[in-house]
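Chemist: If you scroll down you'll find the structure; I have some questions about it.
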């Protein structure tokens, strides 16, 4: 099993599946925004950036997955993006489940001055929605609740693959 996990992270197919899943999420977000007219909020924009981190990790892992430093750079980016995305999605769910004037998201995104993405790419990163408003549901779950599940799966798979690449078994000594 350890050898399988080690081998799977060294193949482009696994990394391309990771990138494809994140690309699907990004394209879905743009569909919801531009076709269905659902405006993204500040937390939605941050969750998009976390998803872009997973997408970038998948693309980086596809470059040269046999090289340990490329593979581990991609793994660390994947894990940190999945963790950050899960943390953001949980906070977003809290805004929706416990609406309060004291529990609200910021009115604007807080990008660094050297990368104002909301000004450079406003069609993707400009927030004009309300974090506490539930505008869409599927199977009685809101979009942030689905993102909690998605980022939790990303994080779980990351942990399994990372452990498989850390542990030295009899097969690999």
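Heads up, the Cβ atoms here are built off N, Cα and C, so glycines get one too.
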Chemist: Sharing a topological domain in Swiss-Prot means sharing a membrane side, so do residue 32 and residue 141 qualify?
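Modeler: In Swiss-Prot, residue 32 shares its side of the membrane with residue 141.
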Chemist: Using the alpha carbons only, what distance in Å do you get between residue 41 (disulfide bond) and residue 131 (disulfide bond) once rounded?
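Modeler: On Cα coordinates alone, these residues lie 5 Å apart.
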Chemist: For residue 105 (disulfide bond) and residue 44 (disulfide bond), determine the Cα separation and express it in whole Å.
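Modeler: That separation, Cα to Cα, works out to 11 Å.
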Chemist: Would you kindly list the residues that approach the topological domain 'Periplasmic' (32-49) from elsewhere in its chain, counting only those six or more residues past its ends and only Cβ-Cβ distances under 8 Å?
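Modeler: Residues 26, 85, 88-89, 91-92, 95, 105-109, 117-118, 123-131, 133, 135-136, 143-144, 147 contact the topological domain 'Periplasmic' (32-49) from elsewhere in the chain.
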Chemist: Residues sitting near the topological domain 'Cytoplasmic' (66-72): Cβ under 8 Å, six or more positions beyond its termini, same chain?
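Modeler: Contacts of the topological domain 'Cytoplasmic' (66-72) (Cβ under 8 Å, skipping residues fewer than 6 from its ends): 9-10, 60, 165.
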